[in-house]
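Here is what Swiss-Prot records for this protein:
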- 1-200: region 'Terminal protein domain (TP)' (REGION)
- 36-56: region 'Disordered' (REGION)
- 201-365: region 'Spacer' (REGION)
- 220-242: region 'Disordered' (REGION)
- 288-380: region 'Disordered' (REGION)
- 366-655: region 'Polymerase/reverse transcriptase domain (RT)' (REGION)
- 376-565: domain 'Reverse transcriptase' (DOMAIN)
- 448, 515, 516: Mg(2+) binding site (BINDING)
- 656-788: region 'RnaseH domain (RH)' (REGION)
């Protein structure tokens, strides 16, 4: 093809060639501007294309991509209706149709350790992020509550009881690790582990009185705050004639027996639960208590002795003020005691003097006073509902580990539906940003946090909004769960604060994303010692490292965020390409595929698309099906185009050299004429076959200049052209324009200074006063990663 030289743009041969290409571009535009062939068909008529069923895929891999693109514009794919269609495309299934999970009765609950980071990290790693994390807060606008019995999803109908049993073990393991609160009553929960400083003011402090009973003191007060009566104590150490029916009356207010009954039936038999009543009596209730019997007996005691109980409540004198103790013990003792009319102590085994309840029937064992190690009782600044907001089920830990279970928490009510929340955004690097921030030629080490989300503590009032259950007990997340959209944002703040301090303290290039840390340094031996120091530094602050996923020593090739990264290039693993080619080969021409399945397919294509010679416009037909929620049918040429994309695999350079070439070609258009001007003084004016919108005429001239001259950059006075967002154009033209203009830079020049503005108006070009600017938005890179 002739290239323009000095004063050569007016040559007749070049003009004839340019006019020929211009007519081809105009025909491509005009064939689709009148009627868009990709509009959804509301019925599956005979016009639906279904040739070549069973035809093997033999694409001509030697053919240029431009030829394959043009063939796809002739043999179009089709959009169908909303009737049921195929949900499987190779190994891909619909996005909302999960692969059937198989229940494993031998599932093991993974080892979960107490992840309590030291609040000294606020001083060691100064950052404004900590005010959002110590503690984190979660305030949904509205909440839908579900019954406790619906806590475990019926994911495995044939193994309901076994599924609930393993979920119960899993939740108990989380509770033992200090990740969950366990509900005792409407105003009282218990947890294990070291309390945070914001929890200390809500801790229930129990003191031993001389007669052996325990009193529950909240912030130094022993009054009944519900009735707002004068400070009266129900328990007197020298009162030997206390009526045993007072147990039933106390249960009317804040009875641990009633809370046990409300938590569901007894499916698991475990250790006796110790709970503190505000009146000073502590009743041990076994978890296998019968809920109906317990509730009925408490009701009977309340009805029979309500008047006598109230009068005795008002006549009691306070025993004196207990001073607020600052030393909180690490264990809570709860004695199971009662008073008979004769003054004898009644144990849970003696059922003659206590009201008939679940505690008197099923608590024959473990009725002696017990000590709960490292346990705390907390009366939060909120009520603890006996309902749940999320549901649970178990799956395999991953495809390689099917012996251990993974707990899936469904808090989707906070991300969709009437309770949907708008969670804050956070910086997430795309591929272009990652290419620009990664250092070249440095050894790298990858660190991975263990139980990353469980490092993030929640405000107790926020925890009450994140309630789950195994069908028997109600638990609340004390640490951030994985099923809430706020958790990734909190984790981003957490790791960013740590990464900034690591980079400053150890003088190493550090990049963090979610629970991954990437460390780079020119000296491999120095980087190895730094990585050990970083691990020690984090572990001293109570932050746990997953050494199974951590790079043991500096390496040159590393897998990070799904990319294979070496010293100079980024690429996609070959196994991923093979899987994608296999899926494309299994596409049946003319078969209807459900839009959810297409959505899954497009997600995989989008990930690999930057590593091909294609562009996003090539996927527009599938996006149209997803947007309209209709079925999709592949044509033979379109399937060949997708396969061709996976054949031209390329690798991307890390830290690509940014060049700003000087513009030598300018274009301009009017509704009737278009002009191309070269810096050497040559120019050409071409007439359009018909009048169209001005932005289409401008784009036609820019595409023509790219075909005929092949410059490194082009000047244009159309912002529509310079932004390269052509999704509003017909698919044929948009795909070709994107393909032509992606490799080159487009500069915006005001019409007043556009050198091609003169030739389009039959005036000479003027390159003397040239003012231009690129309109591409600068990629945002955090300040700490700039200049490294």
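A Cβ is built for glycine as well, from the same backbone N, Cα and C atoms used for every other residue.
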Counting across all protein chains present, how many other Cβ atoms fall within 10 Å of the Cβ of residue 515 (Mg(2+) binding site)?
18
Given the Mg(2+) site residues 448, 515, 516, which other residues of that chain have a Cβ within 8 Å of the mean position of their Cβ atoms, reported in sequence order?
446, 447, 449, 452, 495, 513, 514, 517, 546, 549
Tell me which residues of the chain lie with their Cβ under 8 angstroms from that of residue 448 (Mg(2+) binding site), as long as they are six or more apart in sequence?
515, 516, 517, 545, 546, 549, 550
Taking DSSP H, G, I as helix and E, B as strand, the region 'RnaseH domain (RH)' (656-788) contains 42 helix, 26 strand, 65 coil
When DSSP states are folded down to helix, strand and coil, where does residue 515 (Mg(2+) binding site) land?
coil
